[in-house]
Amino acid sequence: MKILQPDWVTHDDKSIFSIDIHPNGDKFATGGQGNDSGRVVIWNLKPVINEEAEKDKNVPRILCQMDNHLACVNCVRWSGNGQMLASCADDRLIMIWKKSAGGGMGSFGSTVKFAEHWRCAATLRGHAGDVLDLAWSPADVFIASCSVDNTVIIWDAKEFPQILQVMKGHTGLVKGVTWDPVGKFVASQSDDKTLKIWKTHDFSLYKTITEPFEECGGTTHILRLSWSPDGQYLVSAHAMNGGGPTAQIIERDGWKCDKDFVGHRKAVTCVRFHNSIMKRTAPKTNKSQQYCCLAVGARDKSLSVWLTALQRPLVVIHDLFQDSILDLSWSHNGYILLACSGDGKVSCLQFSAEELGTPLSEDEKNSLYQRMYGKDRITDLALIEPGKELIIENPYLFKAMQEKLTAPTLIPQSAAPATPAKAPEPGPSVFHPAISQDSPPQRKIMKQIETKTADGKRRITPMFIPLNDDVGEPAVGSSGNGQFSSSTASKSSIITVEKADEPVPSTSRSSSNVVDQDDIDKLTEDTV
C-alpha cells in the first residue's frame with residue numbers, strides 16, 4: 001500500500017467536505033469552501049497517482065472549477081454512467097452538472113482556461129435548509145438528498161427538477177443518505193439518534209433502527225452511511241457500543257444489529273464500501289472467497305480499511321490529517337481510495353490485488369444477484385418505477401411468481417393428489433405452486449344433510465368444511481418443505497338434501513363426552 005498526499009489538490013487551504021472518483025477512474029471531484037462561495041473542482045487523477053504525469057506540465061491538474069454555489073458545498077457525487085455530477089450545498093440547492101464541448105473559462109474576471117467545460121444543467125430547489133448529503137439510485141433513476149430541515153427528498157433524475165417524494169419522519173438534522181444497490185430501499189441517518197429505512201416501492205417508512213444510536217450525540221457535521229455492493233450489509237456512521245464509537249453493521253436479513261466495526265477513538269463520520277464485490281483464494285483452505293471492502297473515517301483523524309471476510313481491519317492509519325475525515329471514495333474497478341478532510345487536504349491510498357483481492361466481473365456480479373434476489377443487477381434495476389414493487393428477495397419465490405403469471409390456476413385437475421415440490425438445496429424453505437395448464441377447476445360440491453324429527457324440528461348434520469379443497473398439498477408451515485399456497489382459497493358449494501321425518505333418538509347421559517341432542521337442535525335452529 002502507498003499513501004500519497006498531493007499538496008496541489010486544495011481549495012485555497014479551505015475545508016474540503018466531499019470527494020468522489022469518476023466511474024471511469026480518470027478524474028475526481030471535490031466539494032467544499034471557495035472564496036466567498038461554495039466550490040466544486042474536477043481534478044485529473046493521473047497526476048495524483050503517476051509521478052511522471054505530475055511533473056509533466058502538459059498534463060492538466062485541474063480540469064474544471066465551478067464556483068456557482070452561494071455557500072459551502074457539502075457533497076459531490078457522480079452519476080453511475082459518469083455523465084452527470086451532482087453537488088449540494090448550504091445554499092439549499094442541488095446543482096446537476098453536465099460536460100459541454102470545448103474548454104471552460106474560470107470564474108468571473110479570471111483569465112484561466114480549463115481543459116473541460118461543465119455547465120449547470122439543472123438546479124433543484126425544495127429543501128428549506130442546508131443540504132448535507134445526496135446519493136444517486138441504481139441505474140441513475142433517482143437522486144436522494146437530505147437536509148437540516150429534517151427531510152429526505154427523492155428527485156426524478158429523468159425529469160429534473162421534478163420532486164417525487166418528500167419523506168418526513170426524522171425529528172433531527174438528516175446527515176446521510178444511501179441507496180440499496182438492489183433497488184428496494186433507501187436509508188437515512190439523522191441527529192435524532194435513528195437510522196430509517198424507506199421502501200422505494202412507495203417511499204414509505206419501512207424500518208426505524210434506534211438501539212445502536214441511543215448514546216450518540218450530534219458531534220459530527222455529516223453521517224455518511226453506506227450499503228455493501230451485494231446489498232447484504234448496511235453500515236452506519238456514528239454509533240456507540242459500551243461507551244465507545246463504532247460503525248454499526250446492520251444485516252439485511254432481519255435488520256439485526258449485533259456486529260460493528262470498533263477501534264476509532266472518536267465518532268465515525270463516514271463509511272464507504274468499495275463499489276465491487278471482491279474475491280480471492282483463502283490462504284488456508286485454498287477455497288475461493290467472496291467479500292466486500294469498506295473504508296471508515298472518523299473525527300480522530302484516522303482511517304481504517306476492513307474486509308468482511310476478516311475480523312480485524314486490513315489497515316489502520318492514524319493522524320492521516322490534521323482534522324476530521326469528512327468523505328471517502330473508491331475507484332470503481334481499481335485499488336485507489338481517496339479521502340478528504342476539514343483541514344483542506346486530500347490523501348490517496350493505493351492498494352494491490354494481493355491486499356484487496358480481485359473484483360468480480362459484471363457477469364459474476366449479475367449471477368450473484370440472480371442467486372440472492374432472483375433479479376439481474378443491470379437490466380432489472382433500469383426498470384425502476386415509482387409505485388411498482390421491484391425486487392422479490394427470494395429467487396425461488398420469484399420463480400414461482402413468474403410461473404404463476406403464465407398459468408391461470410394453482411389447483412391441478414388431475415384426480416391424483418399433486419406431489420409436493422421440494423425446494424432446491426441448499427437454500428431456505430420456499431414455496432412452489434402446483435401449476436396446471438388445464439381450465440380452472442370446478443368447485444367441489446358438499447352435500448348438507450337435513451332431517452326433520454317427529455315433533456317438527458329440523459336437524460342438520462354438522463360437517464367439516466376445509467379452507468382449501470384437498471389436492472394433496474400440506475398447509476403452509478406444516479413442514480420444512482412447505483408449498484406455496486394460493487392467496488385466494490376455492491370455496492365449497494353446499495346443497496341441502498332433505499330426508500323423511502325420523503323419530504327423535506334416545507340419548508344416554510352416562511358419558512360426559514355425549515352432547516345433549518336438544519342443545520344441538522337449538523344450535524341448528526339458531527344458525528339456520
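Cβ coordinates come from backbone N, Cα and C, glycine included.
The domain 'CAF1B/HIR1 beta-propeller' annotation in TrEMBL covers 1-356.
Annotation source TrEMBL lists repeat 'WD' at 66-98 (among others). Mean per-residue pLDDT, taken over the repeat 'WD' (66-98), amounts to 97.
According to TrEMBL, the repeat 'WD' annotation covers 124-165 (among others). Using DSSP to sort the residues of the repeat 'WD' (124-165) gives these counts of helix, strand and coil: 3 helix, 23 strand, 16 coil.
Taken from TrEMBL, the feature repeat 'WD' covers 167-208 (among others).
For 471-528, the entry in TrEMBL reads region 'Disordered'.
Annotated compositional bias 'Low complexity' per TrEMBL: 485-496, in sequence order.
Summarising the annotation, TrEMBL assigns compositional bias 'Polar residues' to 505-515.
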Secondary structure content of the repeat 'WD' (167-208), with strand meaning DSSP E or B: 0 helix, 23 strand, 19 coil
